[in-house]
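*Asks:* One structure follows; several queries about it will come next.
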Amino acid sequence: MTAAILDGRLLAEKVVARATGDIAALGRAPGLATVLVGDDPASALYVRNKRRQCVAVGIRDLHRRFDADVTQDELAEAIRALGDDPGVTGILLQLPLPPHLDADALLALIPPDKDVDGLTETSAGRLALGRPGLRPCTPLGVLELLDAHGATLSGAEAVVVGRSSLVGKPMAQLLLGRDATVTVCHSRTRDLAAVCRRADVLVVAAGIRGLVAADAVKPGATVIDVGIHRTPGGLRGDVDFPAVSAVAGAITPVPGGVGPMTIAMLLANTVTAARTL
Ligand SMILES: Nc1nc2c(c(=O)[nH]1)N[C@@H](CN(C=O)c1ccc(C(=O)N[C@@H](CCC(=O)O)C(=O)O)cc1)CN2
Ligand SMILES: [Mg+2]
(Lines of atoms letter the chains of each structure in order from A; the text may use other names.)
(Lines give C-alpha, C1' and ligand atoms only; values in the text may rest on other atoms or scores of the structure.)
(Ligands and ions follow the chains in the order given, each with its own letter.)
Protein backbone atom coordinates (compact mmCIF):
# COMPACT_ATOMS: atom_id res chain seq x y z
CA MET A 1 0.00 0.00 0.00
CA THR A 2 1.14 3.55 -0.67
CA ALA A 3 -0.48 6.04 1.68
CA ALA A 4 -2.50 9.04 0.53
CA ILE A 5 -0.68 12.24 1.45
CA LEU A 6 -2.70 14.62 3.63
CA ASP A 7 -1.64 17.99 2.23
CA GLY A 8 -1.70 20.56 5.04
CA ARG A 9 -0.57 23.42 2.82
CA LEU A 10 -3.51 22.97 0.44
CA LEU A 11 -6.05 22.63 3.25
CA ALA A 12 -4.56 25.61 5.11
CA GLU A 13 -5.19 27.76 2.01
CA LYS A 14 -8.87 26.81 2.15
CA VAL A 15 -9.11 27.59 5.88
CA VAL A 16 -7.40 30.94 5.30
CA ALA A 17 -9.80 31.77 2.43
CA ARG A 18 -12.71 31.01 4.77
CA ALA A 19 -11.21 33.28 7.45
CA THR A 20 -10.79 36.08 4.90
CA GLY A 21 -14.49 35.90 4.00
CA ASP A 22 -15.50 35.74 7.66
CA ILE A 23 -13.49 38.87 8.46
CA ALA A 24 -15.07 40.79 5.57
CA ALA A 25 -18.50 39.76 6.90
CA LEU A 26 -17.53 40.86 10.42
CA GLY A 27 -17.28 44.46 9.22
CA ARG A 28 -14.38 45.33 11.58
CA ALA A 29 -10.81 44.13 11.74
CA PRO A 30 -9.85 41.78 14.59
CA GLY A 31 -6.57 42.70 16.34
CA LEU A 32 -4.11 39.95 17.22
CA ALA A 33 -1.33 40.55 19.75
CA THR A 34 1.50 38.06 19.24
CA VAL A 35 3.89 38.10 22.21
CA LEU A 36 7.42 36.87 21.48
CA VAL A 37 10.16 36.67 24.13
CA GLY A 38 13.84 36.33 23.19
CA ASP A 39 15.31 35.33 19.87
CA ASP A 40 14.87 31.58 19.45
CA PRO A 41 15.07 31.30 15.63
CA ALA A 42 12.24 28.77 15.26
CA SER A 43 9.86 30.80 17.48
CA ALA A 44 10.79 33.98 15.60
CA LEU A 45 10.04 32.23 12.29
CA TYR A 46 6.64 30.95 13.48
CA VAL A 47 5.62 34.36 14.83
CA ARG A 48 6.76 36.07 11.63
CA ASN A 49 4.59 33.66 9.61
CA LYS A 50 1.62 34.20 11.91
CA ARG A 51 1.90 37.99 11.60
CA ARG A 52 2.32 37.88 7.83
CA GLN A 53 -0.72 35.66 7.35
CA CYS A 54 -2.82 37.75 9.74
CA VAL A 55 -2.13 40.94 7.82
CA ALA A 56 -2.92 39.14 4.54
CA VAL A 57 -6.45 38.27 5.74
CA GLY A 58 -7.23 41.66 7.31
CA ILE A 59 -6.30 41.07 10.97
CA ARG A 60 -4.48 43.98 12.63
CA ASP A 61 -0.93 43.02 13.66
CA LEU A 62 -0.38 44.13 17.28
CA HIS A 63 2.95 42.40 17.84
CA ARG A 64 4.94 42.78 21.10
CA ARG A 65 8.54 41.59 21.39
CA PHE A 66 10.55 41.34 24.61
CA ASP A 67 14.22 40.65 25.27
CA ALA A 68 15.10 37.21 26.66
CA ASP A 69 15.89 38.75 30.10
CA VAL A 70 12.45 40.37 30.55
CA THR A 71 11.12 39.81 34.09
CA GLN A 72 7.98 37.89 34.97
CA ASP A 73 6.44 41.13 36.33
CA GLU A 74 7.18 43.15 33.19
CA LEU A 75 5.68 40.50 30.96
CA ALA A 76 2.69 40.03 33.27
CA GLU A 77 2.00 43.77 33.17
CA ALA A 78 2.17 43.80 29.35
CA ILE A 79 -0.23 40.85 29.04
CA ARG A 80 -2.65 42.45 31.51
CA ALA A 81 -2.60 45.67 29.44
CA LEU A 82 -3.35 43.71 26.24
CA GLY A 83 -6.19 41.98 28.06
CA ASP A 84 -7.69 45.35 29.03
CA ASP A 85 -7.27 46.88 25.54
CA PRO A 86 -10.60 46.69 23.64
CA GLY A 87 -8.72 46.96 20.30
CA VAL A 88 -6.96 43.66 21.06
CA THR A 89 -9.36 40.79 20.28
CA GLY A 90 -6.79 37.98 20.46
CA ILE A 91 -3.60 37.35 22.47
CA LEU A 92 -1.00 34.68 21.77
CA LEU A 93 2.04 34.00 23.95
CA GLN A 94 4.58 32.16 21.78
CA LEU A 95 6.05 29.09 23.52
CA PRO A 96 8.49 27.99 24.76
CA LEU A 97 9.54 30.85 27.05
CA PRO A 98 13.03 31.28 28.54
CA PRO A 99 13.36 29.04 31.65
CA HIS A 100 13.21 31.87 34.24
CA LEU A 101 9.62 32.67 33.20
CA ASP A 102 6.51 30.86 34.47
CA ALA A 103 4.46 30.26 31.31
CA ASP A 104 1.39 28.92 33.16
CA ALA A 105 1.16 32.03 35.34
CA LEU A 106 1.44 34.27 32.26
CA LEU A 107 -1.10 32.28 30.23
CA ALA A 108 -3.51 32.62 33.16
CA LEU A 109 -3.52 36.41 32.60
CA ILE A 110 -5.00 36.09 29.10
CA PRO A 111 -8.77 36.67 29.21
CA PRO A 112 -10.36 33.37 28.05
CA ASP A 113 -12.35 35.09 25.31
CA LYS A 114 -9.09 36.47 23.81
CA ASP A 115 -7.28 33.11 24.20
CA VAL A 116 -6.85 32.37 20.47
CA ASP A 117 -4.29 29.64 21.26
CA GLY A 118 -6.77 27.85 23.55
CA LEU A 119 -4.08 27.33 26.20
CA THR A 120 -5.54 28.97 29.32
CA GLU A 121 -6.93 26.87 32.15
CA THR A 122 -10.41 28.11 31.31
CA SER A 123 -10.12 27.04 27.66
CA ALA A 124 -8.72 23.64 28.73
CA GLY A 125 -11.59 23.25 31.21
CA ARG A 126 -14.19 24.16 28.61
CA LEU A 127 -12.71 21.56 26.23
CA ALA A 128 -12.57 18.88 28.93
CA LEU A 129 -16.22 19.54 29.83
CA GLY A 130 -17.30 19.58 26.18
CA ARG A 131 -18.41 23.21 26.40
CA PRO A 132 -17.97 25.79 23.61
CA GLY A 133 -14.64 27.60 23.71
CA LEU A 134 -11.38 28.32 21.89
CA ARG A 135 -9.36 25.15 21.17
CA PRO A 136 -5.56 24.79 20.76
CA CYS A 137 -4.55 25.40 17.15
CA THR A 138 -2.49 22.28 16.41
CA PRO A 139 -5.04 19.66 17.53
CA LEU A 140 -7.80 21.69 15.88
CA GLY A 141 -5.79 21.62 12.65
CA VAL A 142 -5.34 17.85 12.97
CA LEU A 143 -9.11 17.43 13.30
CA GLU A 144 -9.61 19.59 10.21
CA LEU A 145 -7.14 17.40 8.27
CA LEU A 146 -8.93 14.23 9.41
CA ASP A 147 -12.34 15.65 8.44
CA ALA A 148 -11.11 16.84 5.04
CA HIS A 149 -9.79 13.34 4.39
CA GLY A 150 -13.16 11.86 5.37
CA ALA A 151 -11.75 9.81 8.25
CA THR A 152 -14.44 8.15 10.37
CA LEU A 153 -13.88 9.14 14.00
CA SER A 154 -17.02 7.88 15.70
CA GLY A 155 -16.20 4.45 17.11
CA ALA A 156 -12.66 4.52 15.70
CA GLU A 157 -9.64 3.43 17.72
CA ALA A 158 -7.57 6.59 18.10
CA VAL A 159 -4.12 6.53 19.68
CA VAL A 160 -2.36 9.77 20.66
CA VAL A 161 1.37 9.55 21.41
CA GLY A 162 2.35 12.47 23.67
CA ARG A 163 0.57 14.15 26.58
CA SER A 164 1.57 17.82 26.32
CA SER A 165 -0.93 20.58 27.12
CA LEU A 166 -0.21 22.05 23.69
CA VAL A 167 -1.05 18.95 21.62
CA GLY A 168 -1.48 15.50 23.21
CA LYS A 169 -4.06 16.23 25.93
CA PRO A 170 -6.30 18.55 23.89
CA MET A 171 -6.01 16.20 20.90
CA ALA A 172 -7.29 13.31 23.02
CA GLN A 173 -10.18 15.47 24.29
CA LEU A 174 -11.15 16.58 20.78
CA LEU A 175 -11.13 12.97 19.51
CA LEU A 176 -13.18 11.91 22.53
CA GLY A 177 -15.62 14.68 21.67
CA ARG A 178 -16.03 13.03 18.27
CA ASP A 179 -16.80 9.65 19.88
CA ALA A 180 -13.47 7.95 19.11
CA THR A 181 -12.11 5.36 21.56
CA VAL A 182 -9.00 7.21 22.68
CA THR A 183 -5.75 5.88 24.15
CA VAL A 184 -2.99 8.29 25.20
CA CYS A 185 0.60 6.99 25.20
CA HIS A 186 3.69 8.56 26.77
CA SER A 187 7.26 7.83 27.80
CA ARG A 188 6.20 5.19 30.38
CA THR A 189 3.88 3.30 28.02
CA ARG A 190 4.88 -0.36 27.85
CA ASP A 191 5.19 -1.75 24.31
CA LEU A 192 4.35 1.46 22.48
CA ALA A 193 4.33 -0.27 19.09
CA ALA A 194 1.68 -2.76 20.22
CA VAL A 195 -0.62 0.03 21.46
CA CYS A 196 -0.07 2.09 18.28
CA ARG A 197 -0.90 -0.93 16.11
CA ARG A 198 -4.47 -0.83 17.47
CA ALA A 199 -5.02 2.60 15.98
CA ASP A 200 -7.28 3.43 13.05
CA VAL A 201 -6.13 7.01 13.65
CA LEU A 202 -2.64 7.52 15.06
CA VAL A 203 -1.54 11.02 16.13
CA VAL A 204 2.12 11.29 17.06
CA ALA A 205 3.23 14.33 19.08
CA ALA A 206 6.07 12.94 21.18
CA GLY A 207 8.94 15.18 20.09
CA ILE A 208 11.17 12.18 19.30
CA ARG A 209 12.44 11.94 15.76
CA GLY A 210 11.43 8.75 13.93
CA LEU A 211 9.78 7.27 17.06
CA VAL A 212 7.02 5.55 15.13
CA ALA A 213 8.27 2.89 12.70
CA ALA A 214 6.32 0.73 10.25
CA ASP A 215 5.86 -2.08 12.81
CA ALA A 216 3.79 0.33 14.98
CA VAL A 217 1.20 0.99 12.27
CA LYS A 218 -1.85 -1.06 11.32
CA PRO A 219 -2.12 -1.45 7.54
CA GLY A 220 -4.47 1.23 6.22
CA ALA A 221 -4.33 3.44 9.34
CA THR A 222 -4.40 7.24 9.13
CA VAL A 223 -1.17 8.61 10.59
CA ILE A 224 -0.75 12.24 11.68
CA ASP A 225 2.79 13.42 12.45
CA VAL A 226 3.00 16.51 14.68
CA GLY A 227 6.79 16.31 15.21
CA ILE A 228 9.25 18.79 13.66
CA HIS A 229 12.99 18.12 13.84
CA ARG A 230 15.63 20.11 11.99
CA THR A 231 18.26 17.68 10.63
CA PRO A 232 21.14 18.17 8.20
CA GLY A 233 18.94 16.43 5.62
CA GLY A 234 15.99 18.80 6.20
CA LEU A 235 12.86 18.75 8.40
CA ARG A 236 11.75 15.38 9.77
CA GLY A 237 8.88 14.25 11.99
CA ASP A 238 8.22 11.78 14.81
CA VAL A 239 7.21 9.18 12.21
CA ASP A 240 9.57 7.27 9.90
CA PHE A 241 7.82 8.62 6.80
CA PRO A 242 9.33 6.44 4.03
CA ALA A 243 8.66 3.19 5.91
CA VAL A 244 5.27 4.13 7.38
CA SER A 245 3.87 5.50 4.10
CA ALA A 246 4.25 2.00 2.68
CA VAL A 247 1.88 0.65 5.38
CA ALA A 248 -0.53 3.48 6.27
CA GLY A 249 -3.67 4.37 4.33
CA ALA A 250 -3.01 8.10 4.74
CA ILE A 251 -0.21 10.15 6.28
CA THR A 252 0.81 13.77 6.84
CA PRO A 253 4.22 14.84 5.51
CA VAL A 254 6.75 16.92 7.45
CA PRO A 255 7.00 19.68 6.36
CA GLY A 256 3.67 20.53 4.74
CA GLY A 257 1.30 18.59 6.98
CA VAL A 258 0.24 19.71 10.44
CA GLY A 259 2.51 22.81 10.65
CA PRO A 260 0.66 24.98 8.11
CA MET A 261 -2.66 23.98 9.69
CA THR A 262 -1.53 25.31 13.08
CA ILE A 263 -1.25 28.83 11.68
CA ALA A 264 -4.44 28.53 9.62
CA MET A 265 -6.41 27.53 12.73
CA LEU A 266 -4.94 30.49 14.62
CA LEU A 267 -6.53 32.77 12.02
CA ALA A 268 -9.82 30.87 12.35
CA ASN A 269 -9.70 31.17 16.16
CA THR A 270 -8.90 34.89 15.88
CA VAL A 271 -12.08 35.35 13.84
CA THR A 272 -14.09 33.31 16.36
CA ALA A 273 -12.76 35.38 19.28
CA ALA A 274 -13.46 38.71 17.52
CA ARG A 275 -17.05 37.59 16.85
CA THR A 276 -17.76 36.87 20.51
CA LEU A 277 -16.12 40.02 21.95
N1 LIG B 1 1.79 29.74 21.67
C2 LIG B 1 2.10 28.70 20.88
N3 LIG B 1 3.36 28.24 20.87
C4 LIG B 1 3.67 27.19 20.07
C5 LIG B 1 2.68 26.60 19.24
C6 LIG B 1 1.37 27.11 19.30
O7 LIG B 1 0.44 26.62 18.60
N8 LIG B 1 1.12 28.16 20.12
N9 LIG B 1 3.03 25.58 18.35
C10 LIG B 1 4.43 25.31 18.10
C11 LIG B 1 5.07 26.15 17.04
N12 LIG B 1 4.19 26.63 15.98
C13 LIG B 1 3.40 27.67 16.22
O14 LIG B 1 3.54 28.43 17.12
C15 LIG B 1 4.34 26.18 14.63
C16 LIG B 1 5.18 25.14 14.31
C17 LIG B 1 5.36 24.78 12.97
C18 LIG B 1 4.70 25.45 11.95
C19 LIG B 1 4.92 25.15 10.51
O20 LIG B 1 4.33 25.77 9.67
N21 LIG B 1 5.81 24.23 10.21
C22 LIG B 1 6.19 23.97 8.83
C23 LIG B 1 7.70 23.96 8.75
C24 LIG B 1 8.26 25.32 9.02
C25 LIG B 1 9.71 25.25 9.52
O26 LIG B 1 9.90 24.97 10.71
O27 LIG B 1 10.61 25.50 8.72
C28 LIG B 1 5.66 22.62 8.39
O29 LIG B 1 5.51 21.74 9.25
O30 LIG B 1 5.41 22.48 7.23
C31 LIG B 1 3.84 26.46 12.29
C32 LIG B 1 3.66 26.83 13.61
C33 LIG B 1 5.24 25.50 19.36
N34 LIG B 1 4.92 26.70 20.03
MG1 LIG C 1 3.80 15.53 24.10
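Including glycine, each Cβ sits where the backbone N, Cα and C put it.
All annotation found in TrEMBL is predicted automatically rather than curated by experts.
In case it helps, TrEMBL gives these features for our protein:
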DOMAIN    6-117  domain 'Tetrahydrofolate dehydrogenase/cyclohydrolase catalytic'
DOMAIN    136-275  domain 'Tetrahydrofolate dehydrogenase/cyclohydrolase NAD(P)-binding'
BINDING   Gly162, Arg163, Ser164, Ile228  NADP(+) binding site
*Asks:* Can you tell me the mean pLDDT for the domain 'Tetrahydrofolate dehydrogenase/cyclohydrolase NAD(P)-binding' (136-275)?
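*Replies:* Average per-residue pLDDT within the domain 'Tetrahydrofolate dehydrogenase/cyclohydrolase NAD(P)-binding' (136-275): 98.
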*Asks:* Anything from the binding-site residues Gly162, Ser164, Ile228 with its Cβ under 6 A from ligand 2? List those in sequence order.
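*Replies:* Close enough to ligand 2 are Gly162, Ser164.
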*Asks:* What does DSSP give as the helix, strand and coil breakdown of the domain 'Tetrahydrofolate dehydrogenase/cyclohydrolase NAD(P)-binding' (136-275)?
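*Replies:* Going through the domain 'Tetrahydrofolate dehydrogenase/cyclohydrolase NAD(P)-binding' (136-275) residue by residue, I get 53 helix, 28 strand, 59 coil.
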*Asks:* With every protein chain in view, how many other Cβ atoms are within 10 Å of the Cβ of Gly162 (NADP(+) binding site)?
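*Replies:* So the number of other Cβ atoms within 10 Å of Gly162 (NADP(+) binding site) is 24.
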